[in-house]
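Per Swiss-Prot, the features are:
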BINDING   10, 12, 34-35, 44, 81, 110, 113, 143, 172, 294, 311-313, 439  FAD binding site
ACT_SITE  11  active site, proton acceptor
MOD_RES   44  cysteine sulfinic acid (-SO2H)
ACT_SITE  44  active site, redox-active
BINDING   173, 192, 201, 256, 310, 341  NAD(+) binding site
């Protein structure tokens, strides 16, 4: 029987642990360390909880210590790993306030990512084992269940008068939180250093649609601005950028995350952004040491190269692959496309692969084709929304490199999966033009937007 130690019980860790227990539990001893007090919190639902679009946080958990131990794992919660002796294969952790040593034969990192801490004048950021705290009251981070709970508790305390909120960061989390706070009746300003929201996921013509959507719902955009300082007498009163000053009562820092690889200790090869560099079996540069989820690299099929794409969907898949290989059952990952989506005030946006800007930066002779149309024939008078699609492809090989879609019709979310597979399998734009796509007025048009975008692609 092999002894496998897992460091971290986040999405990747939970997927990894469950895969090992469900398939190879009789063959292995599984020991888990996690520095948090809870397991499997769905951070993607945090904004829904804060914005009161769901009843509470209970449904945002899908596993816990008891469930994992019932399957046969030994789980240590509130137990940060302090160091690892890779030569002697020993993990040192803090368990119930005491030093605890655990030997291993295989080691799996599922340590996730940590919030990026921007240097901001007037507020000192204190980093602890589990959370980040700011010395100025009402400067908040968003990552853990505890972070969301703290924000909700503060907003529920009417005596604090937290009516004006600045969200720093215009990525997915920042945009979702801006919507959540506005739904609570708060005055919201969204600040980002770049001149658009959702930068990197969509090209600018698409991000402008989301920007207009936010402004139409009374969210003020302060784009292309760098936060310089947060001012206040003990608590937040003002946020200062290089262009403006905003009177606010709370600041949410959502500028992004970086891989949590502090335990590498200079022994494990890291990617350029600090992530564990892994192969397609999720193994690091040290034999028998694996890394899964946000702490590790992935193989990007669009770039045809190693990359870093932190998504829960990638975390689950890499967790499964890492589990098989750590248990001695060889399995290679097939790579990812970075498929993603967002829904704000009923405007749905999905994308996969590379944007045109990213494709050119990656060295492709890239161009795009697009099409705007109704989802269904014009005679379908109800629930018939406009759809915009963009397909990015390489002019030399004709291979599809990426796709973006936006609509108030949620049905587009399924279409992006086809493009994800197309990128993975190196499908050309010309083959897509003749792909068998069914037609029924309840769903689409005989010449639907996917077909038309491909047919009108540059030759």
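Keep in mind that glycine also has a Cβ here, set from the backbone N, Cα and C atoms.
Annotated features taken from Swiss-Prot, shown on the structure.
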residue: 10; record: FAD binding site; contacts (Cβ under 8 Å, 6+ apart): 34, 39, 40, 110, 111, 112, 293, 294, 315
residue: 44; record: FAD binding site; contacts (Cβ under 8 Å, 6+ apart): 312
residue: 173; record: NAD(+) binding site; contacts (Cβ under 8 Å, 6+ apart): 43, 46, 47, 142, 254
residue: 192; record: NAD(+) binding site; contacts (Cβ under 8 Å, 6+ apart): 168, 169, 170, 174, 199, 222, 223, 224, 225
residue: 201; record: NAD(+) binding site; contacts (Cβ under 8 Å, 6+ apart): 171, 172, 207, 340, 342, 349, 351, 355
residue: 256; record: NAD(+) binding site; contacts (Cβ under 8 Å, 6+ apart): 115, 116, 169, 171
residue: 341; record: NAD(+) binding site; contacts (Cβ under 8 Å, 6+ apart): 348, 349, 350, 351, 413, 416
Next item on the list: Go through 110, 310, 312, the listed binding-site residues, and name the one with the sparsest Cβ surroundings, counting other Cβ atoms within 10 Å.
Entry: 312
Next item on the list: Note down the number of other Cβ atoms within 10 Å of the Cβ of residue 294 (FAD binding site), including every protein chain shown.
Entry: 27
Item checked: Rounded to the nearest Å - Cα separation of residue 143 (FAD binding site) and residue 310 (NAD(+) binding site) -> 13
Check: Using Cα coordinates, what distance in whole Å links the residue listed as 'active site, proton acceptor' and residue 310 (NAD(+) binding site)?
Finding: 11
Note to self: Around the C-beta of residue 34 (FAD binding site), how many further C-beta atoms are within 10 angstroms, looking at every protein chain?
What the structure shows: 26
Check: Cβ distance under 8 Å to residue 439 (FAD binding site), same chain, sequence separation 6 or more: which residues?
Finding: 445, 446, 448
Checklist line | Among 11, 143, the most crowded of the recorded positions [Cβ within 10 Å] | finding: 11
Note to self: With DSSP assignments reduced to helix, strand and coil, which class does residue 173 (NAD(+) binding site) get?
What the structure shows: helix
Check: If you measure every Cα to Cα pair among 173, 192, 201, 256, 310, 341, the residues listed for NAD(+), what is the largest value in Å?
Finding: 20
Margin query: So, three-state DSSP: helix, strand or coil for residue 192 (NAD(+) binding site)?
Written below: strand
